[in-house]
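Asker: Copying in the features that TrEMBL gives for the protein in this structure:
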- 37-62: transmembrane segment (TRANSMEM)
- 140-161: transmembrane segment (TRANSMEM)
- 173-195: transmembrane segment (TRANSMEM)
- 202-221: transmembrane segment (TRANSMEM)
- 348-446: domain 'Calx-beta' (DOMAIN)
- 463-562: domain 'Calx-beta' (DOMAIN)
- 634-656: transmembrane segment (TRANSMEM)
- 668-689: transmembrane segment (TRANSMEM)
- 695-714: transmembrane segment (TRANSMEM)
- 726-753: transmembrane segment (TRANSMEM)
- 765-785: transmembrane segment (TRANSMEM)
- 805-821: transmembrane segment (TRANSMEM)
């Protein structure tokens with residue numbers, strides 16, 4: 001009975017452990033102790049899973065509330081003669097901006113969302129036990145703060161790749177929030193141990209609670225840079241509403257009024273379709289992935305994603321098939337060299353780059369080989385700078401053909417010596433002596449970086465290999481009978497394919513034929529020869545389109561194939577009509593691509609708009625995306641099914657702009673936090689643990705699990721440590737100021753009105769607060785040393801191998817010392 005309560009049973013002897021505010025609901029006094037321990041532990045873990053899911057629902061409401069925008073009308077500019085006003089063609093007249101300041105949103109609703117279970121548990125525990133001080137709630141908050149600062153920071157450091165690092169960009173905001181969180185704990189220690197030992201007076205509790213709005217004020221001032229120099233803009237992500245180039249001039253909008261811009265979508269689709277096998281649906285999925293990954297996301301977004309990941313729910317991050325993932329990786333690599341796939345043409349290299357860089361690519365985008373060929377060569381060629389060494393890696397990617405079944409896995413490093421232009425690698429096929437339809441797999445090239453070598457990939461960095469059963473020279477024809485191209489495109493790419501065989505080198509001649517479009521006026525025509533090397537099955541003929549900037553009717557010309565060599569034949573589609581059209585003719589095609597892209601984006605939204613959508617998403621594995629569901633996803637969905645379906649009945653964000661969802665989910669969090677408090681208290685009693693030990697171990701760890709996964713995800717995704725570290729510091733400050741300040745203020749006010757004193761025995765929490773304060777000083781010192789010492793990479797997270805392991809060892813040692821001393825003090 002060491003927990004200070006009497007049994008809640010109205011009959012019979014008292015239980016060995018006290019009851020809580022709600023539990024127990026069954027008469028379990030005669031159950032064996034071991035059975036009760038197992039039952040309470042399993043139920044406690046299951047409710048910790050449930051409160052993580054309902055907190056996810058709560059944060060989707062917060063996301064909706066904080067995403068509210070208002071329209072801002074831009075001032076017009078004077079024309080050159082100064083007589084009137086005008087807008088630039090690329091300048092919107094009205095833009096939408098968020099109402100909530102991002103820093104204030106993070107410190108209020110968002111930090112409240114991640115910390116709401118601990119805060120509500122502390123409030124309900126205090127109020128429910130006659131406004132008396134309790135052990136569980138405050139110690140959960142202190143234990144959770146220590147866990148977040150020491151363990152989550154360590155895991156964020158380990159989650160990065162070797163030599164990868166993350167540095168806090170806006171250090172002022174981090175230091176302000178960190179200083180407030182530290183001062184909050186020092187203040188707690190003062191009012192518990194020094195100012196009025198063992199008693200919390202009303203003014204002390206009120207001052208503790210009032211530190212929270214003061215923190216918001218200082219954070220807002222720091223964020224607005226009212227004091228000090230304005231830091232450089234954080235450019236780690238592309239702003240989807242508008243962006244500026246290096247000269248400060250605005251480029252074309254990617255999104256207009258929340259919708260995808262047609263022009264940029266057309267450019268993107270054209271760029272990605274240079275890779276083999278990319279359909280309109282694939283291009284739309286890649287476009288959606290590009291837009292979502294280019295958006296700056298806060299720590300809350302990643303925390304929601306983490307919860308859904310370990311509950312088998314609908315993912316908020318795009319999941320691409322293997323070959324699309326490789327194409328997307330190539331796009332990202334190109335952007336690292338300053339090339340934006342969403343807004344520019346495929347990369348072309350200037351004369352300086354041709355001289356400086358060795359440019360390496362496959363000889364053709366597609367080849368086809370017989371299944372019984374055994375080994376065959378693939379040519380890799382280099383142009384540009386030949387006076388240097390260069391190294392690339394070639395890996396195979398499964399398509400319909402699978403490694404080990406249809407071909408031998410490729411993982412080969414190719415080294416070019418000085419003045420070498422071509423290299424060959426040999427690919428081996430597996431002949432299983434069974435008839436199979438044509439299958440394909442892919443070869444992907446990547447650069448093996450070296451600080452002294454300047455190497456870039458060319459446009460053909462992915463090759464498609466088709467396995468066929470034919471040994472004929474083949475039939476050459478156009479891939480289509482007609483193509484539609486708008487005049488402003490600049491060129492048209494005409495596919496020429498080789499079917500029914502691909503052996504030996506063959507060629508075919510081509511020439512243009514004027515119709516209503518005239519060569520030299522509407523396009524650059526002529527004639528030439530296309531050569532297919534052995535095993536090559538696809539070529540692209542590029543014809544330049546002349547934009548005369550004059551309105552005119554549709555015009556067309558033809559291209560004809562004739563006179564083959566090497567035994568090849570001309571196919572039935574030996575002529576193709578090219579129609580040069582105005583932009584309006586593309587509307588139907590582009591509208592379809594926009595629809596597909598928006599569908600992909602909508603599927604990854606944080607919340608659903610109707611009850612029906614919520615329930616359907618909750619009841620299906622991976623939110624209905626079965627193609628990307630794994631066995632583990634099914635297992636996690638099974639365990640979390642009950643909670644997901646129950647919480648799917650919470651009102652959607654479309655009702656009252658998310659506020660009803662906010663209130664409902666917050667109420668449910670309070671109920672579940674109360675039950676978790678009862679479960680933790682009874683479980684700790686059954687195994688002989690003090691409430692303080694139970695709070696800083698099992699409960700703190702269980703409630704921090706989503707924060708762990710979310711912090712690791714945001715650390716990997718962002719290029720700075722701000723989102724991870726500022727969120728950790730902010731949640732620590734909010735937890736202590738709201739989770740301790742608010743319930744103590746309520747309790748102190750209650751006792752003041754009744755002429756009593758609100759007593760808080762210092763031995764219960766004072767030592768814990770003092771110990772945490774010491775550990776926090778040491779941890780922040782370690783982080784600041786890391787920031788300024790080259791051995792650690794001059795960054796708070798990640799860095800060189802030895803530096804990161806030493807940091808993790810120090811932080812984990814501090815956590816072990818904190819845990820050991822806290823447990824020792826309770827016995």
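Any Cβ shown, glycine's included, is placed from N, Cα and C.
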Asker: For the transmembrane segment (202-221) and the transmembrane segment (634-656), check the count of CB pairs under 8 Å (sequence separation 6 or more) and say whether it reaches 3 or more.
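Answerer: Since fewer than 3 Cβ pairs under 8 Å link them, the transmembrane segment (202-221) and the transmembrane segment (634-656) do not come into contact.
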Asker: Any chance you could find the range in 37-62, 695-714, 726-753, 805-821 with the most Cβ pairs under 8 Å to the transmembrane segment (668-689)?
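Answerer: Selected stretch: 37-62, with the most Cβ pairs under 8 Å.
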Asker: Mean pLDDT, the domain 'Calx-beta' (463-562)?
Answerer: 83
Asker: Would you kindly check 37-62, 634-656, 805-821 and say which stretch has the most C-beta pairs under 8 angstroms to the transmembrane segment (140-161)?
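Answerer: Comparing 37-62, 634-656, 805-821 against the transmembrane segment (140-161), the winner is 805-821.
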Asker: Where else in the chain does the transmembrane segment (37-62) make close Cβ contacts, counting only residues six or more beyond its ends and a cut-off under 8 Å?
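Answerer: Same-chain contacts beyond the flanks: 31, 109-110, 112-114, 116-117, 300, 303-304, 307-308, 311, 313, 606-607, 639-640, 642-644, 647, 650, 653, 658-659, 661-662, 665-666, 668-669, 672-673, 675-676, 679-680, 682-683, 686-687, 698-699, 702-703, 705-706.
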Asker: Does the transmembrane segment (173-195) come close to the transmembrane segment (765-785), meaning at least 3 CB pairs under 8 Å for residues 6 or more apart?
Answerer: yes
Asker: Per the 3+ Cβ pairs under 8 Å rule, pairs at least 6 apart in sequence, do the transmembrane segment (726-753) and the transmembrane segment (173-195) touch?
Answerer: yes
Asker: I need to check the long-range neighbours of the transmembrane segment (695-714): which residues 6 or more away from its ends have a CB within less than 8 Å of a CB in the stretch?
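Answerer: Beyond its ends, the transmembrane segment (695-714) has Cβ neighbours at 44-45, 48, 51-52, 55-56, 114, 117-118, 135-137, 139-140, 142-144, 146-148, 151-152, 155-156, 159, 297-307, 309-310, 676, 680, 683, 689, 723-724, 727-728, 731, 768, 819, 822.
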Asker: I need to check the long-range neighbours of the transmembrane segment (805-821): which residues 6 or more away from its ends have a CB within less than 8 Å of a CB in the stretch?
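Answerer: Hits for the transmembrane segment (805-821): 146-147, 150-151, 153-154, 157-158, 696-697, 771-772, 775, 778-779, 782, 786, 792, 799.
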Asker: For the domain 'Calx-beta' (348-446), jot down how many residues DSSP puts in helix, in strand and in coil.
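Answerer: Summed by class, the stretch gives 9 helix, 52 strand, 38 coil.
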